[in-house]
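Asker: The following feature annotations were taken from Swiss-Prot:
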type	residues	note
DOMAIN	3-148	domain 'Toprim'
BINDING	9, 117	Mg(2+) binding site
SITE	33	site 'Interaction with DNA'
DOMAIN	164-581	domain 'Topo IA-type catalytic'
SITE	174	site 'Interaction with DNA'
SITE	175	site 'Interaction with DNA'
SITE	178	site 'Interaction with DNA'
SITE	190	site 'Interaction with DNA'
REGION	198-203	region 'Interaction with DNA'
ACT_SITE	325	active site, O-(5'-phospho-DNA)-tyrosine intermediate
SITE	327	site 'Interaction with DNA'
SITE	513	site 'Interaction with DNA'
ZN_FING	605-636	zinc finger
ZN_FING	667-694	zinc finger
ZN_FING	716-739	zinc finger
């Protein structure tokens, strides 16, 4: 009897599903996407034939060139917007074996079930599988489930569906839109601004949010204000702290020390009388069960997880069958889920914690109500009962479980009291509240104590209070808060930008592109991010408009629902976009995109004496000689690195941001906060935060050090002086305070080991150049590289036989590598590799360019073959 083939996208999901299906099913994983549009640099098909342009007019030559460029672009993109959006999908590198196995199994199967995830991405993977496997479409069925439980799996297989091509087309539309913008705008940025830049349909809008917040902060000028508290004692000798709230019937808000002192002088001799007492019941309701965005936000604030980590852990929990699908914008709960959780609450917490009827929460507009909120698959499974999950996954599950249970429990009840006191024409208040019934907080305690969570002492109306102290405090208004990852997701969701399936990718992409950076879990806009945002805003107004981007998400929803034709929408977008692109490619004087301008200074070039200019590249802000614009023979390429002042590395919160803003110089031209950089120990330059839009700068002479440094200190391996954390054009590094020695900061945050001098092997020639190999020891272990790096970038793994031959040249700590076996049992050369996970070297071999299964480890001062 033939069996049915079930295809899912992940091995973990396949393993879980396999437990619930009988022996008549074979469950296999596609390990994600099996095909996609061509990757950058890949080229399939014949090379375009050269066309002779001899004897043609300039217009004809131009037309031929345009056609050639267009064809090259279409080939790189893998989609053809000029011919009905024909797509050139290719099997992904490394997926050939997976595809071959699935095709082989499909031939033997009587039916094929496509059980990929229930979102559009999952629908698209299912469609690609059907297209690649081929055959009669009637052999394929689509099964979807919100949770990987026995009941959900059985129900899905009892009612299989057909592939939803509308949802597939919505996914293709998003992919094609992103492809067009990325492949057609990025080259324009290379030409107009700087090499290596990129643009994205949603990515650029997300960067714009960070850039606008950065500029709000830089333009913000903190204003002084004062608050005054008065510490009193009741007739019963109990302490009561009061805040001054009004003066002469108006809000009390002194702006300076003089106004505050005037109030203090009066309050120190005033009589304090209780003028009003008010106690009223208040309550606090639980929040809705998690959707993708709220899970990401709460995991950030409660657990300290980044968006990417949260989704990775949630994916594992889902694939193991512990939670429902984690990409959702619906707060809806199924009737079965409500019955399950209400039964749990009743049996474990009692009737008083069970509302008379289920609690329902409204979802945002366009939410897919067919989906459920994120919840445990089985509320009876507690976090400590999970198996095969790491500690952080268990913590995330516990959070999801508690939110799910709490959302179906009654509100927490309080008695809130306000005491009002008169002191002449001043009014003072104290607020407190007493918890009467904990409700949902029994399961999900609040993170921090509310300022009003205090028990006020008993006082009587008209009671006179005894003055203890008047406590004035100087404060300053705070700038807008920087975005955290979670806060940026919240802002994207509020503006309708992106969807649950794309939030994590957006957050990761904008960091990888180098337009923003994250310090202390808060976003900072890089200068190049500001410049690119300005250029795109100027030339692609619609593309950078928040409402336009949100509307495009709605259009994608309509395509998925079969309400709009996907190619019609693509054609309309491409028509408008192409017009804007053509305009942007023109010269600036003709209305084209403005190039990346430099800001001249009075600083002399140390090489040629010409003036240096403030320049911005994808690696940061630096000084470059104005002579760089001259013809090649006269060109001066001198640059000077600018080191941001170190105190900017340690801004932890809005209060610190306020202090830093107050200490920063203001631009003499526009008043914006200036960014300060060290040129050398004698010169500091302050550059307008709006550079290059504003050319304001201030050069300061003196003797400079990094002031107030309290960061990590490492002993310099060359001179013994202290090395401090610094921030340069290429990111953080440790720099010596005495010599010019530097050390990298690894991705883990650890300081890289001191740089070892390479071991030279003039006898070992490179294959791709006239250079010879040297042995380098880096953060990823030992490797062979060209001696003249970076001129020649050739690298390879060291062979044990080579190390053994020149053993005496090796540093003492590496000589153990020369003692390893020089060949595997089949006679293949043994090579040295590095395990990132275990952070140690091991020896293996290769055959025909592919790794063998032979591995030898260095254990207990000897080389031991690993058991297969």
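Positions of Cβ are set from backbone N, Cα and C atoms, glycine also.
Looking at the shown structure, what environment does each listed feature sit in?
Answerer: Packing around residue 117 (Mg(2+) binding site) is summarised by its Cβ count: 24 other Cβ atoms lie within 10 angstroms of its Cβ, all protein chains included.
Of all the Cβ atoms in the protein chains shown, 17 others lie within 10 Å of the Cβ of residue 33 (site 'Interaction with DNA').
DSSP assigns residue 174 (site 'Interaction with DNA') to a helix in the three-state reduction.
The number of other CB atoms found within 10 A of the CB of residue 175 (site 'Interaction with DNA'), across every protein chain shown, is 17.
Other Cβ atoms within 10 Å of the Cβ of residue 190 (site 'Interaction with DNA'), summed over all protein chains shown, number 13. Taken residue by residue with DSSP, residue 190 (site 'Interaction with DNA') is part of a helix.
Long-range contacts of the region 'Interaction with DNA' (198-203) within the same chain, counting only residues at least 6 positions beyond its ends with a Cβ under 8 Å from a Cβ of the stretch, are 177-178, 181-182, 185-186, 189, 497-498, 502, 506, 509-510, 513, 532, 536, 543, 549, 552.
In the three-state DSSP reading, residue 325 (active site, O-(5'-phospho-DNA)-tyrosine intermediate) counts as coil.
Using a 10 Å radius centred on the Cβ of residue 513 (site 'Interaction with DNA') and all shown protein chains, the other Cβ atoms total 21.
Distant neighbours of the zinc finger (605-636): 194-197, 514, 526-528, 531, 596, 598-599, 642, 675, 677, 679, 685, 687, 691-692, 697, 728-730; these residues of the same chain sit at least 6 beyond its ends, with a Cβ under 8 Å from one of its Cβ atoms.
Tertiary neighbourhood of the zinc finger (667-694): same-chain residues 215, 217-221, 527, 531, 534, 596-599, 601, 603, 614, 616, 621, 623, 640, 642-645, 648, 661, 700-706, selected by CB-CB distance under 8 Å and a gap of 6+ residues from either end.
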Asker: So if I draw a 10 Å sphere around the Cβ of residue 325 (active site, O-(5'-phospho-DNA)-tyrosine intermediate), how many other Cβ atoms end up inside it?
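Answerer: I count 23 other Cβ atoms within 10 Å of it.
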Asker: Using DSSP, would you call residue 117 (Mg(2+) binding site) helix, strand or coil?
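Answerer: SS state of residue 117 (Mg(2+) binding site) = coil.
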Asker: On average, what pLDDT score does this prediction assign to the domain 'Topo IA-type catalytic' (164-581)?
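Answerer: Average per-residue pLDDT within the domain 'Topo IA-type catalytic' (164-581): 93.
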Asker: When you measure from the Cβ of residue 9 (Mg(2+) binding site), which residues in the chain that are at least 6 apart have a Cβ under 8 Å away?
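Answerer: In sequence order, 29, 30, 31, 32, 33, 116, 117, 122, 125 meet the Cβ cut-off.
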Asker: Measuring Cα to Cα, how many Å separate residue 513 (site 'Interaction with DNA') from residue 190 (site 'Interaction with DNA')?
Answerer: 14
Asker: What same-chain residues, at least 6 away in sequence, bring their CB to under 8 Å of the CB of residue 327 (site 'Interaction with DNA')?
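Answerer: Residue 327 (site 'Interaction with DNA') has long-range Cβ partners 117, 119, 292, 500, 501.
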Asker: Between residue 178 (site 'Interaction with DNA') and residue 190 (site 'Interaction with DNA'), find the distance joining the two CA atoms and give it rounded to the nearest Å.
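Answerer: With distance taken Cα to Cα, residue 190 (site 'Interaction with DNA') is 18 Å from residue 178 (site 'Interaction with DNA').
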